[in-house]
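Q: Feature annotation from TrEMBL assigns active site, acyl-thioester intermediate to B:CYS96. The active site, proton acceptor annotation in TrEMBL covers B:HIS354, B:CYS385. What TrEMBL lists as domain 'Thiolase N-terminal' is B:8-266. The feature domain 'Thiolase C-terminal' is assigned by TrEMBL to B:275-397.
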Amino acid sequence: MSTTAELLKGAAELFPGEVVTQAHVRHFDLPLGAGRFALITLDNGHDHTKPTTLGPQSLANIDAAIDQVEKEAADGEIVGVGVTGKPFIFAVGADLKGVELLKRHEDALAIGKGGHDVFKRLSKLAVPTFAYYNGAAMGGGVEIGLHCSYRTVSAALPAFSLPEVFLGLVPGWGGCTLLPNLIGAEKAVSVIIENSLNQNRQLKGKQVYELGIADALFEGADFLEQSLIWTASVLKGEITVERPAIDRGEAWDQAVAKGRFVADSKVHGAAPAAYRALDIIAAAKDGDLQKGYDAEDLALADLIMGGELRAGIYAFNLVQKRGKRPAGAPDKNLARPVTKVGVVGAGLMASQLALLFLRRLEVPVVLTDIDQERVDKGVGYVHAEIDKLLGKGRINQDKANRLKALVTGVLDKAEGFADADFIIEAVFEEMGVKQKVFAEVEAVAPAHAILATNTSSLSVTEMASKLKHPERVVGFHFFNPVAVLPLLEIVRGEQTDDASLATAFGVAKKLKKTAVLVKDAPAFVVNRILTRFMGEIQNVIDEGTPVEVAEKAVEPLGLPMSPLVLLELVGPAIGLHVSETLNRAFPDRFTVSPNLAAVVKAGKRGFYVYDSGKPELDPEVAALLKQGDSVLTEEQVRDRVLDAVAQEIGLMLDEGVVAEAQDIDLCLITGAGWPFHLGGITPYLDREGVSERVNGRRFLEAGVASVPA
Amino acid sequence: MPRTVRDVVFVDGVRTPFGKAGPKGIYHETRADDLVVKAIRELLRRNPGLDPKKIDEVAIAATTQIGDQGLTIGRTAGILAGLPQSVPGYSIDRMCAGALTAVTTVAGSVAFGAYDVAIAGGVEHMGRHPMGEGVDPNPRFVSEKLVDESALFMGMTAENLHDRYPSITKQRADEYAVRSQEKAAKAYANGKIQADLVPVSVRRTNEEAGETGWGLVTADEPMRPGTTLENLANLKTPFRVHGRVTAGNAAGLNDGATASVIASEDFARENGLPVKMRLVSYSFAGVEPEVMGYGPIPATEKALAQAGLSISDIGLFEINEAFAVQVLAFLEHYGIADDDARVNQYGGAIAFGHPLASSGVRLMTQLARQFEEQPHVRYGLTTMCVGFGMGATVIWENPHFEGDK
């Protein structure tokens, strides 16, 4: 038994639940009389809904297949070796479930080394090797192909990526080293760093070819046949593959520098994966592959044993799994059909909601408002947005016609809502106004219609309290921009019944939103945490810490934007309003900043001016600020802010605002854009000991989003 | 409106290698529509002068039009093959003569002026769709003795044909079968067949059938080169005790697809497409269903009469070998020797296989290649028998004909 086999056997024992991929070897004669060929098919025995992954036993199977073809190649029995996947899937990389189980650095090192040892053999066979990227290829799937002499790709391939950095790893089975040596550092950085950090952007088959990763592109209908005919031509010398020379000079360093800039702008130095990958890419410049592989092994092992990766996998699973099966949602069979939607209000928010319902549900949507001019403006907005979609080619003329015909505006609610099944209000954020609107709607709407409110902080229960049928009121809280942020907080009022709630979840699913069930508590989840977070920043500024120190203090978290830039995006007036609401609910923890009030009163839209291209404190704002004399360090600020957040989340869980800490994290990731490497926030608070310090307990059990004990 | 009948030509034809039907066959895990798609795409690759937008029709035949052979396979295969959505398609069924009928039907439309160019072909995946799948014969056939009960069982009809021609013995049928295998092997050795095959990737997950994973099929699976009379002598006669028809002197149960380009001669010339054969006449005839193998004889009579030709004008024959007896009956009728060099020069379905509705275009593709090599021949014919008592014949003219020398 080779040492590779032993290594993989040991690794496989740590991962008994692996979905094992077989490496089938099949022989046949190539066309054009090019000779006998061995084709390895990677196949886990399931259909395409369970993509092929590469756990340790799977690697061992590939190793065994290579044993076979290596001998045949050496004996002159075959002229080449190919690798391809089952229908629609090439291979989507390492099995993350197995990675999560690893507890020791040496075991993590073995995974990296095991993959390298197996894949490297492909480049050392006595005959040329070919990868045929027939379907989805990610991570280790991409990398097995990079070790081959040649690659073809299907034009029908929907997704190709090295997503490791997105998850908190590096492409560590040759990706960081081989890709820049194949296509140059600039393109490699775009694939490994930029795509990963841009919501894990995927390449299509044509792009894989255009980037030079694949040597030939063939259409999906007869991809494998054409790949094999091409292979025969290459082997016979009728086709010579020419790849452009790689610039190993200054361009290489510039590409890496650009990668660092991208990483800084996305994670602000807070997550190590991108930087580790860039270090390896930088070192790959001299073409010393083995040195690169060793660096990959070490980086993989360090990252696997670090908290960011575990948080990244946790976050990935939250979004991919929990986000699709909301905790606490009632039986979906209770949901009522929604065949017409009413929107109360025709302002910007209401119009955006109308557009979203229209596009996703494709049912009639009727807008109402207090005068014809507003109604016309709302419908006009929707029409204009449909025209934009048409202009971009996102929809065709027939679809545009259909959507435009479905949206109408009326002044008379009785006329508009008499046959609506789901009516959502987006009127002024004041309890009296909302109660009045719902009373009017109830008077004209069918008895079964759901009344939904897009309130961000008012009590859903109170809003429903004066209705004849309060059981059909639900909170339906979207996040701005509605078309971009996936989160939808679905709020259950005290009297909301299961059928109404099930209908709300059904609608959310059709809207393609990530729905989280939330109790009717002040400001629900995201706004409550963000307000506490911002409030604490505001407090330390008010008490005397310079604005730039307060802002820099939270940079290591790698949030999508600094607190004051976020405040600017939300609008200082709205921020103030929410803090006042929460201050009324929890006066001991939520303060109303007099400085913020002053800024709002002065009509300022933000704290910064951008005249120099970078944010600088607006001198007019600076003049308004009245600060105390307590000056904290960045670290002290950070501790205070994180303590506040940990306390607030602890209280929210005690109050039952959501079912579990996982829902808090899902909300922050999908509603506030908090990064994967924080796992939302609770894995980070656990890892940094904040939870223990503030609440005396962790939010998540050890091993969940962290290295198991 | 005055109208001129236009000359119709066979531009090109290709096929997939044929497979053996059944769980161990090469195409067991391959869809029938995918086989058609591979053939259509190969035609387009081989004929870059054919602008796909100009294709007026896709006519695809299948006997069992359900599942992956259903859903108007001419239309669906066109879309799957990447033809523009503006290209229409339909399905055709005349059992074994499906692809042949696809060719004559689009040819009629080309001659009429409705089309300039069309794709015609056929498919049969007898592994996925065994003969008789889903059939529901009207009980009147039997109660009113409209047909003999043996009519639905092709092997029995072949035995009946032996009865009609007592001089065609099992020995003669076996000898014919051995020659078919020999000629096919020779044609392969000389590269006559492979040039018109499109390779097909095939997946296998059943270990009992052989190596698993993806493979590539580049040759016909049913071939049995080296078959001898002795091999055939003791095979069972499954259709009749002490009968004459065996698995050795009949075509097997097979999977495969064919496709061809049929165009007006003017269109072909204007678009720089090859003209491999010129259509002279075609005809179909009915006979008693229980001797369906007799069908080619009346069909050929009609086609010859239409063309004003006699059998002696025909220089090359491509006769589908559903059964050796059916070829021999045809030859006997016309007084042609069993081993006449003009007949099935590359061997026939006994060797290559006979995926029912696909076979007609195989005959044409082989005749076209023979025409090219034999410019002294002016006319050739393709003929086949058809289930439920029919025959189908197409007479072709060799565009390479160099005149009587």
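Each residue, glycine too, has its Cβ placed from N, Cα and C.
A TrEMBL annotation is a machine prediction, not a hand-curated record.
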Q: What does the structure give for the C-alpha distance between B:CYS385 (active site, proton acceptor) and B:HIS354 (active site, proton acceptor)? Integer Å is fine.
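A: Cα of B:CYS385 (active site, proton acceptor) to Cα of B:HIS354 (active site, proton acceptor) measures 12 Å after rounding.
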Q: Could you tally the C-beta atoms, other than its own, that fall within 10 angstroms of the C-beta of B:CYS385 (active site, proton acceptor)?
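A: The answer is 33.
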Q: For B:HIS354 (active site, proton acceptor), which residues of its chain lie six or more apart in sequence with Cβ-Cβ distance below 8 Å?
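A: Sequence-distant Cβ neighbours: B:PHE18, B:CYS96, B:ALA251, B:GLY252, B:ASN254, B:ASN320, B:GLU321, B:ALA322.
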Q: Summarise the model's confidence over the domain 'Thiolase C-terminal' (B:275-397) as a mean pLDDT value.
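A: Averaged over the domain 'Thiolase C-terminal' (B:275-397), the predicted model reaches a pLDDT of 98.
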Q: What's the number of neighbouring CB atoms sitting within 10 A of the CB on B:CYS96 (active site, acyl-thioester intermediate)?
A: 31
Q: Based on DSSP, tally up the residues of the domain 'Thiolase C-terminal' (B:275-397) by helix, strand and coil.
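A: Across the domain 'Thiolase C-terminal' (B:275-397), the residues distribute as 54 helix, 34 strand, 35 coil.
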